[in-house]
Structures are given as C-alpha cells and as structure tokens.
C-alpha cells in the first residue's frame with residue numbers, strides 16, 4: 001500500500017481488564033478481554049490487528065481472552081469475491097425491490113436470520129466507557145528520536161545489530177511494510193491470512209478439494225447434446241434432424257443465461273418510472289470536516305437513539321449525542337489515499353441508506369487494505385419489515401466487490417465476531433464461503449471445518465497442525481517502539497532509563513498480543 005503521509009499509530013495498553021458484563025450470555029463478569037486506547041492508528045496497523053483477533057469500538061481496541069472468556073468470539077470474514085446469496089438472502093433482496101417499485105409491505109420475516117443488526121458485538125460490552133485515556137494531546141506528539149543506542153537483536157543465533165530507525169522512517173514504514181514484503185496476490189489471503197484446508201472427516205461436510213457434485217439430470221442433458229452434435233456432423237448436407245432434437249440442440253447450444261443471480265443483479269436493477277419509493281446509498285467519511293457528514297449528523301444521531309431504545313432497550317441517557325459520537329463517530333483510523341487503493345480512500349465511513357430523502361439505516365464500516373470491516377448497523381425500527389440487517393450486509397458485500405475492481409488486494413468482508421456458543425449470533429456463518437481465525441496460530445480456516453470442533457468445545461484451536469505456531473509472534477522485546485516523554489525509542493533504551501518498578505511484564509504482554517510487526521511500527525505510550 002502506498003503511503004498517505006500519516007503519522008504512526010499511538011496506543012496505550014491497559015492489560016487484562018477485570019471481567020465485564022457479557023451481552024450474549026448475560027454473565028455479570030464473564031466477558032474477559034485485553035484492551036488498549038488508540039489515540040491514532042494507521043489502516044495497515046488496524047488490518048494487521050484484526051487479523052490477530054482484535055476489534056475496535058470507537059477508539060477502544062480490544063481482544064477477547066479466548067480460552068477464558070464466557071463466550072469466545074472468533075473473527076469471521078466472508079470471501080466476498082466468491083459469495084453466493086442463499087435463498088433467504090434473495091428473499092430479502094426481492095422484498096426490497098417489491099417495496100421500492102410497488103410499495104409492497106410484506107411483513108414475513110426471514111426464518112434463517114434475525115432482523116436485528118447484523119453486527120452486535122460492540123454493544124455487547126460497556127468497557128469503552130470505563131477505559132478512556134486521560135493522557136493530554138501534548139504528551140502524544142513525538143518531538144524526537146533517541147539515537148543513543150542501537151538495538152541488539154535478541155535472537156542469539158543471528159547476532160545481527162539493527163540500528164534504530166528515525167521517526168520519518170517509522171512514519172513511512174507504517175504504510176509501506178505490506179508493500180515491501182507481504183503484498184498478497186490479488187484475490188488471495190493477506191500476509192497474515194494463511195488458510196488451512198484439511199479434508200473433512202466422513203459425514204463432516206463437503207470435501208473442498210474435489211469438484212462440486214453435479215445433478216444426474218444435467219449430466220444426461222450434456223450427454224444427449226454431445227450425441228446430437230456428433231449426429232449433426234455425420235448427417236448429409238440438406239438432411240434434417242427430427243424436430244424435437246433440432247429444438248433441443250438450438251436451445252442448448254446457445255450460451256447459458258440462467259446463471260444464479262448475484263447481489264448486483266438485484267441492487268443495480270433499474271426501477272420503473274412509476275416506482276413508489278427511491279432508495280439511495282451514500283458513503284460519507286466519518287469527519288466533522290466533511291459537509292455531508294456534518295449536515296446529516298443530527299438526523300443520524302436521532303436515528304441511533306431511536307434504534308437503541310427500541311431494539312436494545314437503552315435509556316435516553318445511554319444513547320445521547322455524546323454516546324453516539326464516542327461509539328460510532330470517534331475513530332482512531334487516519335484517512336489515507338493510495339494510487340492502487342479505492343477512490344474513496346481508506347478509513348472510517350458511514351454508509352447511509354436514504355429512503356425518499358430520509359435516513360432509514362446507517363452501516364458503520366472501516367475500509368482497510370484487504371477488507372471492508374463492518375463495525376455496526378442501526379436502522380429505523382419502523383422499517384424492520386425490510387430486514388435491513390441482512391439487506392445492508394449484502395450491500396456491503398457488493399460494495400467490497402466494487403472496491404476490489406480498483407483495489408485488487410481488497411477482497412474480504414469482515415463481519416466482526418462469530419459466537420458459536422450464542423445461537424442468535426450463528427447466522428453470520430450463513431454468509432458463505434467464510435473463514436474463522438484460529439485463536440492460537442492466526443491462520444484462517446474454512447468455517448465448515450471449524451463447526452464440528454465448536455460443537456465439542458466452545459473454545460477451539462482450528463489449526464490442526466499441532467506443530468504450527470503463531471508466525472507473527474514476538475521475537476525481540478527490545479525492538480518494541482515506545483513513546484516516552486515525547487521521544488520515540490526502542491524498549492531496550494527505555495528500559496534502562498525507566499525509574500521505578502519494571503513494566504517489562506506489561507510490555508511483553510502487549511507485544512505478544514499485537515505481534516512483532518505491529519509492535520515495531522506502533523508507538524506504545526509510556527508515562
């Protein structure tokens with residue numbers, strides 16, 4: 001990814017928090033996670049963090065303690081380029097078309113998926129409000145780099161000495177590391193996104209290594225067509241095939257047009273001139289400097305409050321403008337543009353659904369180097385009959401495919417967390433093909449191979465290679481970047497200067513969770 005000229009990510013790590021209330025199983029203290037406050041963050045760093053199981057809520061970035069938390073939350077991504085809508089998905093798309101063109105208000109709910117927001121993770125916990133940073137902005141502005149010492153490579157075998165990089169290099173590297181050595185092949189998983197394929201056990205799902213089964217009817221049809229084509233070659237000029245065979249040949253020798261309909265076939269269709277309603281989807285950058293965002297803020301905030309009170313039973317004080325701003329408008333992501341990136345750039349956006357000049361739903365999304373990451377959705381409960389949770393998810397998958405045309409690396413749709421132990425959250429697994437992130441080795445595994453494991457145990461390692469380890473794990477603690485007294489330095493330098501009790505255990509925990517690459521790019525604030 002090309003540089004956008006931004007500054008490095010700056011984070012404060014809070015360590016393992018006390019247990020919080022769980023929004024899934026209602027446990028008062030069972031929800032356990034590590035957390036950090038992101039004062040600023042590059043889109044590449046956040047991409048790498050979500051590929052290690054992190055997720056943001058406002059500026060708070062958290063990672064569930066998977067083997068201890070009451071409801072393990074597995075990062076789930078849909079392979080947007082290969083996505084095929086199910087029957088229930090198509091019903092939702094058709095329902096919207098009927099409503100727009102004829103005003104048809106069918107109140108039949110989809111049987112397979114809830115009509116509520118398709119991304120509920122962030123609401124399920126209240127920690128962002130308890131863990132806000134108290135550090136002043138002036139303390140977060142790096143003034144210089146400490147050059148007094150080079151960083152010794154802690155790997156005893158190599159004996160290399162690497163000099164500390166100056167702050168300008170930190171800034172550009174935070175954007176260019178991916179391009180240098182980890183640029184993925186278009187359409188393939190990202191550098192941190194290895195996929196494990198293992199043939200399933202008998203009776204445990206389709207073998208993805210074999211071609212799809214074909215219907216016997218289709219095979220017979222193909223054989224008959226080949227036979228007729230052979231006979232046609234053998235007949236003398238001027239002679240005719242029997243009428244029925246001739247019609248069959250004519251019909252089947254034409255290019256096939258009855259391909260399964262895509263999402264785009266439903267959402268890009270032209271409505272009749274006398275359509276009853278008009279739906280417009282607008283992508284608005286999350287920035288109070290953006291005129292569209294600013295002018296629609298009050299309407300958007302009012303809709304958020306209506307949704308939260310109706311669907312989540314919040315009190316008015318729980319969902320006022322301050323809460324809306326902190327939860328869905330404050331983002332640590334720095335907006336970036338790249339020559340090989342999408343025209344809208346990378347960063348945080350609100351995708352607003354305007355029906356007849358009024359906002360009826362807003363999908364909060366992050367556009368990252370390899371994916372569109374869905375943060376939250378809120379909508380007008382008066383329009384719940386339109387299944388807006390499912391409809392917006394399908395629109396976001398189509399949007400991911402649209403962005404891929406300009407940004408070849410961007411080909412996944414991240415849906416937040418899949419929680420198998422909470423049946424109402426399993427519907428995310430219906431968006432196929434999809435993968436779950438192994439909580440130990442951070443490789444992607446097709447969901448079909450994960451489900452039997454999750455049926456046996458709510459916490460599971462998906463990578464079945466017992467010898468496999470986390471490739472991005474921490475290897476050199478001394479190279480972790482620290483921001484101390486407005487000076488950027490490696491941890492090895494900071495450790496010698498620090499007064500008071502050692503904080504090595506805390507820094508070690510932070511670096512292990514974010515991985516070596518991010519720990520060398522991001523700045524860990526130390527007071």
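Positions of Cβ are set from backbone N, Cα and C atoms, glycine also.
Copied from TrEMBL, the annotated features are:
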- 146-172: compositional bias 'Basic and acidic residues' (COMPBIAS)
- 21-91: domain 'N-end aminoacyl transferase N-terminal' (DOMAIN)
- 301-438: domain 'N-end rule aminoacyl transferase C-terminal' (DOMAIN)
- 136-209: region 'Disordered' (REGION)
Could you give the number of helix, strand and coil residues in the domain 'N-end rule aminoacyl transferase C-terminal' (301-438) as assigned by DSSP? 57 helix, 42 strand, 39 coil
What mean pLDDT score does the domain 'N-end aminoacyl transferase N-terminal' (21-91) have in the model? 96
Across the domain 'N-end aminoacyl transferase N-terminal' (21-91), DSSP labelling yields 16 helix, 24 strand, 31 coil
